[in-house]
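Just below is one structure, and these are the notes that go with it.
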Amino acid sequence: MSFVLVQVIVGGLLLGAVYALFSSGLTLVWGMMNIVNFAHGDFVMLGMYVAYVVYTLMGGGPILGAPLATLVLATVGVVVYFALIRDIMKGPMLAQILGTFGLALLLRYSVFWWFGANFLSMPQNIVGGTYGFAGLRIEASRLLAGVVALLVTLGLHLLLTRTSLGSKMLAVAEDQTAAQLMGIRPDAMQAIAWAIAAGATGLAGALIANFFYIVPTVGETLGIVAFVTVSLGGFGSVPGALVAGLLIGVIESLSGYLIGAVYKDIIVYVMFLLFLWFRPQGLMGKT
Amino acid sequence: MTLKHVTGLLCAAAMSLAFAAGARAEDKVVKIGVIMPMSGGTASIGAHAKAALEVAMDIINNAHPELGNLPLAKNAGLAGLGGARIEAVFADNQGNPATGQNQALRLITEDKVAAVFGSYQSGVTLTSSAIAEKYGIPFLNSESVAANLTERGFKWFFRTTPIATDFAKIYTDFLADMKATGAKTDAIALVHDNTEYGTSVANTISAAFKEKGQPVALDVAYPVNATDLQGQVLQLKDKKPDVIIMISYTSDAILFAKTMQSLDYKPAILLADDAGYSDPSFIKAVGKISQGVFNRSSWVVGPPGSVSAVIADMYKKKSGEEMDDTVARQMQGFFVLADAIDRAGSTDPAKVQATLKATDLKADQLMIGYKGVKFDDKGQNILASGAIIQLQDGENYVSVWPKANAEKPPALPYKGW
């Protein structure tokens, strides 16, 4: 029994780390530009398809697929920023919501049209099977995803708080005009933010692809998790997304095991509502 | 005359041409509204269904004398309506009961379809058929198995597929046979999602086993399109049931297979209730790690040249996929509906309802393995039947039970990967 419980918690932590990774891109964009990117889940989906195409065309595993997915999605991020976000940022809130929502549908159904609606899957052992130690079973692909997710999320946090690029990005987020007076170009900074956010999301997608099914609508399923994680962690806070992601992963696994999976969403969303009530800025968000 | 005027005139001319063409075609076309999940988590099902119905329309609208006894195949179009063509109007239900309901309304009131066909998910069929009932338009369902759909006293609802109560009987009989050959089948676990399909089928199966004096030992419910199923698999691993009956759509079926492998868990017998496990993309994605899974099916391909083999070929050419049980049941249902309209000799709803009620197709007039098609007062096909198939090599299902029609004996225990 206790072994199983440990397995449940470890599984939850690994899953949570990946939640954190694909949420950090959303929180970054949200924090910097006050833009709610409804296409976020579909960026994850694109990352998964890039990894899949890399595997089917070149036979490459995550060593090739993950960096490529990061690059491709970073490019997509920049393109999306200049083609869409830069303009709708000036518009009303509704334009932003509809703009990114439209982008989500465009991405989803382009992939749908190109690849069809069939479920795809990476081969099981592409990352090297499953390790068992002390009765615990840990899948290499999940371990890889969890560890990379932790490192990248921490790296993102350090980038934002410890480098001059990060300071510039935060300056633009704080006050565009003041930043411009200091010689920082908001356009460039925001494009970089989109590249980083989308790149991290693509990386998350490529890592998840190793243990999840791949289908054009998978972004719907994963996008909701990202929104809850970001709201719980605090808008714009990367460490908040990390803690919230881990928390949600463990709560989901534990409640799924102990009281039945049908109820696990109730636990997560009750917690979410309580947070909105008592601490609307989230775990680590600033008021 | 300015350019604006010229374009205006051209537009008017084009429109009048379109109207004229529309009017000419209309008296020779019978429209059937088809509600399927064309997007959303089960979009692969909708895509396959669309291909299958296009093949069915080809068979009905063109002459196919090679298809023997299959009604409507021999000549082009519906003879009863002067050779009218069948045209399916596809509508996307997004896997959502509310959307399905709106689409039924649109098809009936705006497209003026003669009948409605659909809607895959039991939960969507539940809502969309209620609209057809309200408007007095025949609704034919070919694949939703929740038992309660035909328990609502509806007059316009007809269902050709075998349903949960039929399958529950198949499962209890099959497991009793397995037990007789020495397999352990005492503790049974039901794993199902929280949709109309998952919960109602689980309840029906659970009741059937209880009646046999063997109550279900463990009931594992999970939310549909789950992001993670480790908790459920560990719960099963902890309780060690002898038999697991899986009631899942494709996405969750794939995630279960992957999670069971990563946590190294195999029950002795894994028995799937169709749905996701019949989706060809399930076999392509995780067939190799699901070797030995049992599944139910009414679809068996006959020898080359037989009706089922010819249709399977046509479908493969159209869609690039192997024919599976779900699309076969859908195609069969579509034929039954078209046949009823043909015999009615009209698209008058009451006449079609009457001919549907009078339907009496024999086994040799079908493309699928039912004993026939004949509806009871509730609109349920009483001659529907099914068999057990097994994914022995991880690539193709073979029929294994009942013994009379089996290609191979059932292989135990569940092999997995």
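Keep in mind that glycine also has a Cβ here, set from the backbone N, Cα and C atoms.
What TrEMBL says about a protein is an automatic prediction, not a curated fact.
Record features (TrEMBL):
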type	residues	note
TRANSMEM	A:6-31	transmembrane segment
TRANSMEM	A:38-58	transmembrane segment
TRANSMEM	A:64-85	transmembrane segment
TRANSMEM	A:97-120	transmembrane segment
TRANSMEM	A:140-160	transmembrane segment
TRANSMEM	A:191-215	transmembrane segment
TRANSMEM	A:221-250	transmembrane segment
TRANSMEM	A:257-278	transmembrane segment
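Scored by C-beta pairs under 8 angstroms, the transmembrane segment (A:64-85) has its highest count with A:191-215, from the stretches A:38-58, A:191-215, A:257-278.
Stretch with the largest number of CB pairs closer than 8 A to the transmembrane segment (A:191-215), among A:6-31, A:38-58, A:97-120, A:140-160, A:221-250: A:38-58. Long-range contacts of the transmembrane segment (A:140-160) within its own chain (CB-CB distance under 8 A, at least 6 residues past either end) are made by residues 11, 13-15, 17-18, 20-21, 24, 28, 62, 66, 126-131, 166, 169-170, 196, 200, 203-204, 207-208, 210-211, 238-239, 241-242. The transmembrane segment (A:38-58) and the transmembrane segment (A:257-278) are not in contact, since fewer than 3 Cβ pairs between them lie under 8 Å (pairs 6 or more apart in sequence). Recorded stretches compared: A:6-31, A:97-120, A:257-278; the one with the most Cβ pairs under 8 Å to the transmembrane segment (A:221-250) is A:6-31. If you look at the transmembrane segment (A:257-278), the same-chain residues 6 or more away from its ends with a CB under 8 A from one of its CBs are 4-5, 8, 228, 231-232, 248, 251.
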